[in-house]
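Reading through the structure tokens given below for one structure.
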Amino acid sequence: MGKQRRTMISFTLFLTLTMMSSLINGDTDSIQLNDDVLGLIVFKSDLNDPFSHLESWTEDDNTPCSWSYVKCNPKTSRVIELSLDGLALTGKINRGIQKLQRLKVLSLSNNNFTGNINALSNNNHLQKLDLSHNNLSGQIPSSLGSITSLQHLDLTGNSFSGTLSDDLFNNCSSLRYLSLSHNHLEGQIPSTLFRCSVLNSLNLSRNRFSGNPSFVSGIWRLERLRALDLSSNSLSGSIPLGILSLHNLKELQLQRNQFSGALPSDIGLCPHLNRVDLSSNHFSGELPRTLQKLKSLNHFDVSNNLLSGDFPPWIGDMTGLVHLDFSSNELTGKLPSSISNLRSLKDLNLSENKLSGEVPESLESCKELMIVQLKGNDFSGNIPDGFFDLGLQEMDFSGNGLTGSIPRGSSRLFESLIRLDLSHNSLTGSIPGEVGLFIHMRYLNLSWNHFNTRVPPEIEFLQNLTVLDLRNSALIGSVPADICESQSLQILQLDGNSLTGSIPEGIGNCSSLKLLSLSHNNLTGPIPKSLSNLQELKILKLEANKLSGEIPKELGDLQNLLLVNVSFNRLIGRLPLGDVFQSLDQSAIQGNLGICSPLLRGPCTLNVPKPLVINPNSYGNGNNMPGNRASGGSGTFHRRMFLSVSVIVAISAAILIFSGVIIITLLNASVRRRLAFVDNALESIFSGSSKSGRSLMMGKLVLLNSRTSRSSSSSQEFERNPESLLNKASRIGEGVFGTVYKAPLGEQGRNLAVKKLVPSPILQNLEDFDREVRILAKAKHPNLVSIKGYFWTPDLHLLVSEYIPNGNLQSKLHEREPSTPPLSWDVRYKIILGTAKGLAYLHHTFRPTTIHFNLKPTNILLDEKNNPKISDFGLSRLLTTQDGNTMNNNRFQNALGYVAPELECQNLRVNEKCDVYGFGVLILELVTGRRPVEYGEDSFVILSDHVRVMLEQGNVLECIDPVMEEQYSEDEVLPVLKLALVCTSQIPSNRPTMAEIVQILQVINSPVPHRIMDSF
């Protein structure tokens, strides 16, 4: 109401003052002067000025030339410039601005103006218009194109939407600077843009423009262009020849689009180029050789494309390079020695290619290098010593085949290095003690190597270290007592080594520690109480050691602890009180001597064998008289004790032999019955098959509800040699229950998916296996992968299902190739709703009720229309009785972030709500594009916690996946995020059912989603 009243007042004031100005008698100058005063007063009337910057503006003055932020022409006393940048003003740009008929410069940037800009269309003398970084909206009016004097137009960082009219550039012959970046503009770039013939800077980045921008007939004709930025749109097509016409071009930024094809060969004929960024597109082919002519180029980024061929030997000719990024392509070959000519190079990133050979020592000549990233290639040989003489800040050689030892380094490197990652190589020798001299080191990762040495105690001197990762590096000796001298350490991982001794008390000094993993070593002694000082600790992994004693009860006071694993040690006693310990999964404490709940009355039961006690005095000499025992002498005593032991052994042996005979007899009978069942089952399953006594080891392919001929060549070949079709070429995926292949076993040779099940926990009885598969095959729903049959032998269990050729959600969301466009919001919503419907069917319609237990992106397959299909449902039914307690089966608990809290507690009843939790995590992944748990250099982020905090702070929109480029409806995204947080509630009863979730999602997609979400 207040806004409407203010608008009405300003409109009335505008009309009144306009009429007054027209009635004023006097000379012309007086009338013109009053127009400027009155226009600014009307303009001010629609503004909120919290800091009173415009206090000097008053209608009592005859001229505004003395007002703050106003400039006048000294000859005419007309307002020519109004600059209100960064004054925290809010409001709208009203028609009062139209009174400033001589205005040349209007700059209102970095405020919070809202509404449209239609009032600016009649300022015919305007030369500079800067409205950047406000909250203006609506379409950009084509009438701006009628301002022929306009030279500078900056609308960056607003909320303008819609398409650009061709008329906008009909009269732009004076325009030199144009920036419309960071808006919501869409459609094609107008073909009339070429009429801006003197344009030297064009920035249309971070919008939703699509199609091909008509380079030949449009942009390539802007011959005075010096800066071109079309990045972060959805532009596509190839880049044609003709860029050489932009002789003055200095900056070319086309990154984060969908351009494809080869790079234009004449790009190297723009001699003044100093910045080229073509990253994150679909460019292919080899790098044009003309690039070597770009002597002035200092920033060159073609990362995340499909470029191939050998690494260019002419790279050394581009002597001006400061930043070079060829990462995530398919480049091959060796690094040429000419790379040493890049004496100005500071940042080199060649990661994730197929480069091979040794790291050239000639790179040592690039004395200005600060960042070198060569990870994920096939480099071999030693690390050149000279690298450790440079002033590098970051060195990442991980994921190669490097051998030899780590160079010791120099004083220059000691003072500069911040991040060192040599993980996943084959390095040997000792970790040099000089590592403690890297005074600014924050991240050190030497994991997955073959050092076979001690952890250097000098690590304690790394006072700024936040991440120390020495996993699986064949380390020996003890954990250094002062390893936690650094108060900054947040992640400490020493698991998978051969460390001995006790866990030092000093580890409790790591006050910032969030992850501590010492698992799979040979550590002994008790768990130190000092661990209770680690108030920031979230993950504690001590499994597979030889730790003894009780778990300190003080650990129950750690409020941030989320995950604990102390399995396979020698621990006894009660678990500490505290939420995380009360909900521990059995697998997290198994393999100890005796751990029990603190709520249990009486002592904990120890899991140790009872000793055999033999009392030598319990067997007498007949009359059991002490005198007779004494007269027998010591020889008689020992002989009688020996005889007593012999009698026990003989009796025990007889019992064992007798029991063995009975067991073998029973087993033979059981085997005969099972073989008879198998023969009968196979004969009944396959009509027309002969009773030939086919070997059970050969197996049979059972296709349920199929018309495929049993005599088809593919089926017969598969039965004779199933492993022949299950090879690397046909492999399409891998999960916790086995590897998935595709094989032409369906009707007319159609491909089916074949999961080779991990044998150990799977039902070993054909009768049971057949029954459970037939139950699962009855589950029919558009959002479920249908089960087609199975193949069974005692040694090989295969589950045959529908083949979905479009891959899984993991590959589309987290492992997307540069050639694959990101998932749109509409597709993501379709996946969310379809997955919900599939789970609702399993929970509420299908009988028996089926819990998935393992919902995650790898188990969501997508068909050719991106419809989701849930796979791996019901696999818990195929577990043996021993493994059938699914809630305690760590096969279903692959990663922190997916597992519902109740799955970690052996005493809680688990129901369908654990799937609801996993579904909530899946929603968060789809909306944010992030993984459930993300590890950074200094810490890790749990996605559900992060989104919940951002929602409480009112910044939840910052969580949304940026690759969607804001092409989504907030009215859908926000309720979906809130629904996800409700689904991931720690208390199962607070989560909705999947049937309710389907209804909520369907309502969210309607015009009034708040009706449902207001109840959350």
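Cβ coordinates are placed from backbone N, Cα and C, and glycine is handled just like the others.
Record note: of Asn135, Asn668, Swiss-Prot gives the feature N-linked glycosylation site to Asn135, with no matching annotation on the rest.
Closest to Asn509 (N-linked glycosylation site) in space, going by CA atoms and restricting to the recorded positions Asn112, Asn203, Asn349, Gly738, Val740, is Asn349.
Comparing Asn445 (N-linked glycosylation site) with Glu734 (ATP binding site), their Cα atoms are 28 Å apart once rounded. Per-residue confidence over the repeat 'LRR 8' (272-295) averages out at a pLDDT of 95.
Taking H, G and I as helix, E and B as strand and the rest as coil, DSSP gives the repeat 'LRR 17' (488-510) the counts 5 helix, 5 strand, 13 coil. Nearest by CA distance to Asn171 (N-linked glycosylation site), out of the binding-site residues Ile732, Glu734, Gly738, Val740, is Ile732. Same-chain neighbours of the repeat 'LRR 18' (512-535): 466, 471, 479, 484, 487-506, 541-552, 554-555, 557-560, 565-566, 571, 939-940, counting only residues six or more beyond its ends whose CB sits under 8 Å from a CB of the stretch. Where the repeat 'LRR 12' (368-390) meets the stretches 272-295, 416-438, 464-486, the count of C-beta pairs under 8 angstroms peaks at 416-438. In the structure as shown, the Cβ atom of Asn522 (N-linked glycosylation site) sits within 10 Å of 13 other Cβ atoms.
Panel annotation: around the repeat 'LRR 14' (416-438), residues 370, 375, 383, 391-409, 444-462, 469-470, 937 of the same chain, lying at least six beyond its termini, place a Cβ under 8 Å from a Cβ of the stretch. According to DSSP, the repeat 'LRR 14' (416-438) comprises 6 helix, 3 strand, 14 coil.
The repeat 'LRR 6' (224-245): residue composition by secondary structure is 3 helix, 7 strand, 12 coil, according to DSSP.
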